[in-house]
Amino acid sequence: MKFSIITLFPKIINSYIEESIIKRAINKQAIQIEIIDLRNFSTLNHNQVDDYQYGGGSGMVLMIEPLIKAIESVKTTKSIVLLTTPQGKTLNQSIVKTYSNNYEHIIIVCGHYEGYDERVLDYIDDEISIGDYVITGGELASLILVDSISRLLPNVIKQESYENESFENNLLDHPVYTKPYEFRNKKVPDVLLSGHHQNIKKWREEQQVIKTLKKRPDLIDITKLNKHQLEIYKKMKGEQ
């Protein structure tokens, strides 16, 4: 998988990809990350890539010419072009899976300032938002995309690790504990120390349903629950 990130602030991207799972994925050649400085595609003085908006108003707007030149410099027939923007569809695990399973090259355009020339959308395949709030620029959103997609690719993390994470199978992850066994009178559940793997598995499945019902009931899809989880779900719903 190759990511091409078009940005005004390459250092933000560089600082992140030098750490943790992303760095290991690059070292394993599971992913490639290409950082493209948008200013390099400007033909104006001081590498200007923004200007005042027609019709007046506050805030600067990213100009179409450098954006399209940057996109076309890396785009191939196998590319998908994403734009980080508040008006995009909200990123979720289902969208992440679609990108990780179906594309070899993802171009991410980082939005900035007041926005971008609307004509840019003719060259964009998907607009993506990371939530209903405003951040300074699209770099953080682009890194969230890279991180979430990369961890689902082969040889990045163990398959078992991400299959048991929150949002897989439309459930939150079960509670986890480590040492010490007791802290301020709160103990680790005894079942986790029992050594009985079947009971531990059963407890974890129960806790996934309980936690999801309490904290994110909107996620649950009963068609994806196993028999034991469905029993817990029905019991919990009956108690509410």
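Every residue, even glycine, has its Cβ placed from backbone N, Cα and C.
Taken from Swiss-Prot, the feature S-adenosyl-L-methionine binding site covers G111, I130, G131, D132, Y133, V134, I135, and the record attributes it to sequence analysis. V134 (S-adenosyl-L-methionine binding site) carries neither a helix nor a strand DSSP state and counts as coil.
Annotation for the binding-site residues G111, G131: lowest Cβ count within 10 Å of the residue's own Cβ, G131.
Here S-adenosyl-L-methionine is bound by G111, I130, G131, D132, Y133, V134, I135 per the record. The longest Cα to Cα distance in that group is 15 Å.
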